[in-house]
């Protein structure tokens, strides 16, 4: 299933993500220069999120160019975020013309891929199936991606070759 996800928006998936589901966020541009305006937060941050029916952010993937970091976290609805997990941003994107972030939903963790190369495994902290995705940016900043992302939902069983 394909969805259009605009900057500063949240989109309901056609159905909750099932076991071994894959979500691919695709852009048609990549700008890794830090945003010149840090806005009121003081943090250069653009993020995509996987959200359950209760509003919990199951997986937050933040791109902080000024800090040269990907930030991973979970945020229970109405509560504080947990401890951040980080990896370096530099060198992760291979193709600046068609960048992608892919999330493979395993039973106990999320496998995060940048341009289809695994960069991190994030252990699940919250329960529930992903039912929504969002694309956000801190106020007054410029995003590293296009203003509109393509979001594709796939299932491993459907993309794996089968012998007849």
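Along the chain as shown, residues are numbered 1 onward.
Positions of Cβ are set from backbone N, Cα and C atoms, glycine also.
Residues 60, 64, 84 are recorded by Swiss-Prot as carbohydrate binders, and the candidate that the same record lists for that site, out of 52, 73, is 73. Neighbour count (other Cβ atoms within 10 Å of the Cβ, all protein chains): 12 for residue 84 (carbohydrate binding site). Long-range Cβ neighbours of residue 73 (carbohydrate binding site) (same chain, at least 6 residues apart, Cβ-Cβ under 8 Å): 57, 60, 62, 81, 82, 83, 84, 85.
Remark: residue 64 (carbohydrate binding site) has 43, 44, 45, 70, 71, 89 as non-local neighbours, by Cβ distance under 8 Å and separation of at least 6 in sequence.
Under the three-state DSSP scheme, residue 84 (carbohydrate binding site) falls in the coil class.
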